[in-house]
Amino acid sequence: MKIKNAEFITSAAKTADYPAGNIPEVALAGRSNVGKSSLLNRLVNRKSLARISSTPGRTRLINFFLVNGLFRLVDLPGYGYAKVSARERQGWRRMVEEYLKTRENLKGVVLLVDSRHPPTVLDVQMYEWLKYQGIPAAVAATKADKISRSKRAQSLKVIREVLNLTAKEPLVFFSAETSEGREEMLEVIGRWVGLSGR
C-alpha cells in the first residue's frame, strides 16, 4: 500500500467527539513512550505529523489521522505511565476502552511493544483483552534498530511466548529510524481496511 497523503483530523476524549462517517480505522496501542507517534510518522513518511515527546504520557487524547483520504490511523493514549494520579490513569483507561469497545469503524489494533524487553503485564493484559473482544491485532516490536541481529530470534521468541502468539498472528520488527518493518505493517493495515495491494 502506497501512502500519498496524511493529515491530522481531530483529538477526542469522548464518543461524541469522534469523526463522523464510516471510514475504517486502525488504532495504535501500547505503553507510554513505546513509540506510537514515531511509528505513525514513519508509516506515513512524515516527520512530525504526530507530535513526538521524550516525556511519557504526553498523548492524553485520542488522535485521529486521515490517510490517503481512505482510512484513519488512531493514536491512543499510552498506558502504564506512573507519574500521573491514579484518577487520571483511570480516566485514560476508560477513554481507550470506550473507543475500542464501541467504535464500529475500528478494523484492527497494532499493539506496540519494546523489542529490547519482554512484554509487560500491561502489554499481556491489553493483547488478551483485544482477543477477548474479537478485535484483530498485530504486534509491532519497536526500536528494532537498537537490538543486535544476533539477539533478534530470541527477542521474537520471548515476545511470542509472553503474549501467547500463534504463528499466524502478525509480529513485525519495526524501526522508525530505518523504516524496517514499514512495508509489512502497511500490508497488515491494508488487509484490515480493505486496501491490500493498493
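Each Cβ is built from the backbone N, Cα and C atoms, and glycine gets one as well.
Residues or ranges marked as domain 'EngB-type G' by Swiss-Prot: 22-195. In the predicted model, the domain 'EngB-type G' (22-195) has a mean pLDDT of 88.
Its own atom aside, the Cβ of S37 (Mg(2+) binding site) has 22 Cβ atoms within 10 angstroms in the protein chains shown. Secondary structure at S37 (Mg(2+) binding site), as computed by DSSP, is helix. Marked as GTP binding site by Swiss-Prot: 30-37, 57-61, 75-78, 142-145, 174-176.
As annotated by Swiss-Prot, Mg(2+) binding site applies to S37, T59.
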- prompt: Between L61 (GTP binding site) and S37 (Mg(2+) binding site), how far is it from one CA atom to the other, in Å?
  reply: 13
Field: Cβ neighbour count within 10 Å of L61 (GTP binding site)
entry: 16
Message: Please identify which of G30, P77 has the densest Cβ environment, defined as other Cβ atoms within 10 Å, among these binding-site residues.
response: G30
Statement: Its Cβ having more other Cβ atoms within 10 Å than any other among the binding-site residues K36, K143, the winner is K36
Field: Helix, strand or coil at L61 (GTP binding site) [DSSP, three-state]
entry: coil
